[in-house]
Amino acid sequence: MITQAAHAEDRDFSRRAHENQARLTAGLKPSYDFIVCGAGASGSVVARRLAENPDVHVLLIEAGGSDDAETVLDPAQWPANLGSERDWGFQAQPNPHLNGRALPMSMGKGLGGGSSINVMVWARGHRSDWDHFAAEADDPAWGYDAVLDIYRRIENWQGAPDPDYRGTSGPVWVQPAPDPSPIAGAMVDAARELGIPAYDHPNGRMMEGAGGAAISDALIRDGRRHSLYRAYVRPMLDRPNLTVLTDTLVRRVLFTGRRATGVEIVRGGEVLIVGAEKEIVLSLGAIHTPKVLMHSGIGDRAELDRFAIPVVQHLPGVGQNLQDHVSFGCIWDYAEPLAPRNSGSEATLYWKSRPDLDAPDLLFCQLEFPVASERTAARGVPEHGWTMFAGLAQPASRGRVRLQDSDPLAPVAIDANMLSDPADMDTAVACVELCRELGNAHAFRPLVRGEAMPGNLKGEALRQFIREAAVTYWHQSCTAKMGRDPMSVVDASLRVYGVDGLRVADGSIMPRVATGNTQAPCAVIGERAAAMLRTAHGL
């Protein structure tokens, strides 16, 4: 509980922070030591860690506005942000593999980025993800054992002590979903019925092997959303060396020769240029990071030539390799209505579609309310229901982000390409079948009247349901991947190949999408980027 004294202290800090930021933004300097573009899950971490040195001046630029809104801070209201001014509101191109559907793709716009509008689940990824990153980068510092130590430093863990896996002195307040709904406990019990192991929490041993089920870890503190912006940046807002510029769009990175020396921004309808004395970090997410790179002259030469953009560096992988967790809502009708608790997502499960796999390829998050696609809603959605949000943790399909115009303000085209690889349909069938086994298990019977969808579909009928039900898990990533092959965009130090003074730190650098929700891996990416920047510049 928050005491009256703590409330008063927070109000005093908020006043000082507001006055400080008003002064700093009114007197914007011509240049800063570092410019971080994007105040999302990774950018917030980078800006905080750099600004911890009082001699380093950091400019953090965010296209959206404040996170001081009840729809952001109240965990139960997160769906209200989807389609709002806090959502970029992307829409993918029509996909023939989804019966021509063009999926909406939400992405956070505002302080905190996705961590301010998402479902607040903290999922670290699987051991195999990080070891794959390390192999692709040829750098063991990206491997699971090294990253586990970073996670321990990040976390302020509030669950049962587990010092081998959990830290207790970091900036990010992480706790098991408090007082979870009976439907969440039933999901863990249903997993046990099916021979899937249950764990005390999902971010330790569970993600080193075949997977399992657990009550979710959540970024909720004292009943309020604890976004990565709130964890990392907000406590620094009264400092004179950190300037946070909201409602400001980054158009392009500017170069002197092959060195990034500044950014062109749009603020209040005015185009401005701000210089960077040391480096620029792009943390704009898997859609806008490649967009800004391409408008800055970094990308596939043929694509840049199409729009008469002068080429600074030919990197054909920019915008390629787009990955996301495609998912399908399987819905059950409550026997008696149960109000959602916390964020309404309190139980999670990872498992394998085939026993020969080395790691889980299926991802399940339970939602304590009905979630159907625009197509499957026509099948009938119960007024009081809950959803097993079943997804592909390691999809084989790949999409891309491409320019449509030379104007940096014009939207890009998103070819999500979900289910384009036939292997993904096979996995999706196994995913939905396991989902139905779970939802119809004995553990749910006291709480559930019956299955609303998909029902006992087989063969082409089930595949048709999958095409109609498919939606995004909002985990777009991998469009500026880290690696050493010709399609890689950044090296192991997150430096953009072929230029100086420019790094990428966000989910776009993942060689493959992490197994689970992506905000925790993005925090690690931010920590790694900041540590490498400090080392490179002797900070």
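Heads up, the Cβ atoms here are built off N, Cα and C, so glycines get one too.
Because TrEMBL annotations are produced automatically, they should be read as predictions rather than curated entries.
TrEMBL lists 108-131, 285-299 with the feature domain 'Glucose-methanol-choline oxidoreductase N-terminal'. Look at TrEMBL and you will find Asn118, Val119, Met120, Val121, Val250, Trp474, His475, Gly507 tagged as FAD binding site. The substrate binding site annotation in TrEMBL covers Tyr473.
Overlay of TrEMBL annotations on the structure.
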residue	record	Cβ neighbours (10 Å)
Asn118	FAD binding site	27
Val119	FAD binding site	23
Met120	FAD binding site	24
Val121	FAD binding site	21
Val250	FAD binding site	26
Tyr473	substrate binding site	21
Trp474	FAD binding site	21
His475	FAD binding site	27
Gly507	FAD binding site	28
Distance check, please: Cα of Val119 (FAD binding site) against Cα of Tyr473 (substrate binding site), rounded to an integer number of angstrom.
10
Closest of Asn118, Met120, Val121, Val250 to the residue listed as 'substrate binding site', Cα positions, binding-site residues only:
Asn118
Tell me, by DSSP, whether Val250 (FAD binding site) is helix, strand or coil?
strand
Per-residue pLDDT averaged over the domain 'Glucose-methanol-choline oxidoreductase N-terminal' (108-131) comes to what?
97
Quick check: in three-state DSSP terms, what is Gly507 (FAD binding site)?
helix
Taking helix as H, G and I and strand as E and B in DSSP, count the residues of the domain 'Glucose-methanol-choline oxidoreductase N-terminal' (108-131) in helix, strand and coil.
9 helix, 2 strand, 13 coil
